[in-house]
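Right, one structure below, let's go through it.
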Amino acid sequence: MQRNARETDTMRSQVLFPFLLSLFCGAISQPIRYSIPEELAKGSRVGNLAKDLGLSVQELPARKLRVSAEDYFSVSAESGDLLVSGRIDREKICGRKSECALEFESVIENPMNIFHVIIDIQDINDNAPCFIAKEIELEICESALPGVKFPLDSAQDADVESNSLKIYTISSNEYFSLSTKESPDESKYPELLLEKPLDREHQNSHRLILTAIDGGEPPLSSTTQIRIKVTDANDNAPVFSQDIYRVSLKENVPQGTSVLRVMATDQDEGINAEITYAFLNAPTSASLIFHLNPNTGDITTNGTLDFEERNRYVLGVEAKDGGVHTAHCNVQIEVVDENDNAPEVTFMSFSNQIPEDSNLGTIIALIRVRDRDSGQNGLVTCYIQEEVPFKLESTSKNYYKLVIDRALNREETAEYNVTITANDRGKPSLFSTASVTLYIADINDNAPVFQQASYTVHIAENNPPGASIAQVSAYDPDLGTNGQVSYSIMASDLEPQVLSSYVSVSAHSGVVFAQRTFDHEQLRVFQLTLQARDHGSPALSANVSLRVLVGDRNDNAPRVLYPALAPDGSALFDTVPRAAEPGYLVTKVLSSYVSVSAHSGVVFAQRTFDHEQLRVFQLTLQARDHGSPALSANVSLRVLVGDRNDNAPRVLYPALAPDGSALFDTVPRAAEPGYLVTKVVAVDADSGHNAWLSYHVLQASDPGLFSLGLRTGEVRTARALGDRDSTRQRLLVAVRDGGQPPLSATATLHLIFADSLQEVLPDLSDDPLPTDPQSELQFYLVLALALISVLFLLAVILAIALRLRHSFSSASWGCFQSGLSSKSGPVVPSNYSEGTMPYSYNLCVASHSANTEFNFLNITPEVAPPQDLLCDNPSIAGCANNEDLKLSYDSSFSSQVYRSFCPN
């Protein structure tokens, strides 16, 4: 029973309870104490622990009140009562200790705190006294005188204090009486007293009933029989040299070690003087540990002594002579503690993920040390072996706190292996270690750092749109999203409204793309401010300057502005004085964007201006008189080129593959509503309102499955993919600008719901995209309209043919008489302008001539009005027949001719 009590106490002291200590505030020095009787039923209320800790019932769910002694107690989550959850047997927990208490810790969170709780366990009378032997045998010589005492075997009672064994009684008889005695270890034993001389010849044996009664309410008892045999006289009893023998013995001595020798003498002789020794009333555990030589009285160890299990033994020894006389003594053995137990280090709780920005003094772990030895052997000192930014702080009851001693930096050291060493003060000193790995959790404390302080790139003009012109790279030493860097354009010396139409930057790679073809003549250098921003909270960023130099290519041929052609297309001439000296300036060939009339001051544009290439330029004009000396004045002319909506949006993504096939995007099957599927990227070379782009869905396989951002072009899932939804979807997106009238472009998105590329590839090679019912309907409508149009045209042609056939039956071909021909001089139309034919001719041909020749006359300075020979006769319906015509060309004429035929 004592051993079970020790094991239970050890188990109770080693209960571990995991909990977080990142907000741990410390332990209250004064424990909370309750007192309960043992053997309470499960669910019995001990007390309101929450109230005693100052907690309200409403706080319990958030504070998570709990206790470490879960085998015995629990806390009600509704009321905060401390309830009994297991059997509480005082005798099993504390043995025969006069005071019995269960000590454990209660824990609350938010903030974290720990409290010591002590439960005093009161003994109840649940164990009756018990005799080891069912019958006690005594031999008493008939010569024994009245008053002789005979100690008897005691009964054992597991209860203590008032519930323990109190008194012994025997059945009524005339020869013996009984008294209750107390041994040095405060246990009670019965002592039989001879009241009247015995006469063996009259009665050679006696039987008595011995009863042991405890002090409980109601009292419990047990009985055993005493069998007394009356023997012949032996008038001298053995006598011990001491009534009490005392000895100290170190624990862990080898088996068979001599403890001491008890010695008794007898004045008798012969067999009556032969003394034998035996343990009297020795507990079973003591008799197993010690051995008594019955002949010599030597007591030796028969097992292992353990100070932590039991530190004192009281043994009763009986000496019996050859007759019936006995003597008794007590042997008190004190066990001396040896330093045979190393300290035990237990992590009650710890947090292995520590934010690197934790404050100094933050508690990381709660450590409990225990040494089962006593005195100096049980005093323990703890320390940390490694050089780490942590330290130990001692608290009450052999508890240590592991706290942060120096600032942490995950980028320098991501984890620490901390070894706690506990040394006791015994000689030699014993120690034990416990190790734990602490991981430093990352916080966003590092901004991205660019590899260069600034970037300068050169790009030749006439680059293709979408070409990469530079790449910037920034490094962030943080982990996870704290170290993921996104790039964006923050500022530029270009106008903000047109910046997006010039360049863009990949948010993931930092590659800078040209959104249009650069022209060195229009833009030679520009500067961007790029930002690298991480995804931490709050996000940190860094900026870098990118200078882009646009190189020149020989892509412009010279343009002659002077001399120019006259408005009628003829060449102008310059005059030179007959007396011109050598070096006289005759004229000058000019090539530029604009020219100015020397006489009128009119400024002419020499080329078509493009707002996207040239938005503004400035001229300095000079007016000079012809005096001598000549005087002049200058003026500044600023020309602003306005924008027109002459550029349709251009879709950059999605684009076609190099082989001309359509690309596709994959969407996870478990995509939630709002998941970003892809983004339609488009640019417009115009500026201002003409470059404002909006995105619209023209066609969709399932209109309710996706949503499209009006201004961003982001395609997101509007709902989750259903079992009946097709895994292959098609979206036709229109991109419109804000001009009047608006221009637009379209892009087709092919979307496939799949969790991996391997899952998509077989479908792409075998199955075509699902047919769009709306597209099929439009196809059939167009086909029907085309058929109707063809039928209508056929009907019109047939009607015209019938009418012509009716007209041809008349003699309307009379105008084509044999030899009839007409030649007219060239005619200059009155509305002639540059780019039209300067001459006009009217002609007729003979109807019966198989080979008809047209001869173009020489142009005369005097141009007569044209005469329409064919149209003078109203009966003429046509001007030519189906015969082949041969044209002869007079080489003296200009190549520009104007031919007209008169209609009916």
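Note: Cβ is positioned from N, Cα and C throughout, glycine not excepted.
These features come from TrEMBL:
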- 5-131: domain 'Cadherin' (DOMAIN)
- 132-240: domain 'Cadherin' (DOMAIN)
- 241-345: domain 'Cadherin' (DOMAIN)
- 346-450: domain 'Cadherin' (DOMAIN)
- 451-560: domain 'Cadherin' (DOMAIN)
- 593-651: domain 'Cadherin' (DOMAIN)
- 666-764: domain 'Cadherin' (DOMAIN)
- 1-29: signal peptide (SIGNAL)
- 779-802: transmembrane segment (TRANSMEM)
DSSP helix/strand/coil residue counts for the domain 'Cadherin' (666-764): 12 helix, 42 strand, 45 coil
Annotated stretches the domain 'Cadherin' (451-560) and the domain 'Cadherin' (5-131) touching (3 or more Cβ pairs under 8 Å): no
Candidate ranges 5-131, 241-345, 593-651 - greatest C-beta contact count to the domain 'Cadherin' (666-764) (under 8 angstroms): 593-651
Counts by DSSP class (helix H/G/I, strand E/B, coil) across the domain 'Cadherin' (241-345): 10 helix, 47 strand, 48 coil
Mean of the pLDDT scores, which run from 0 to 100, over the domain 'Cadherin' (132-240): 85
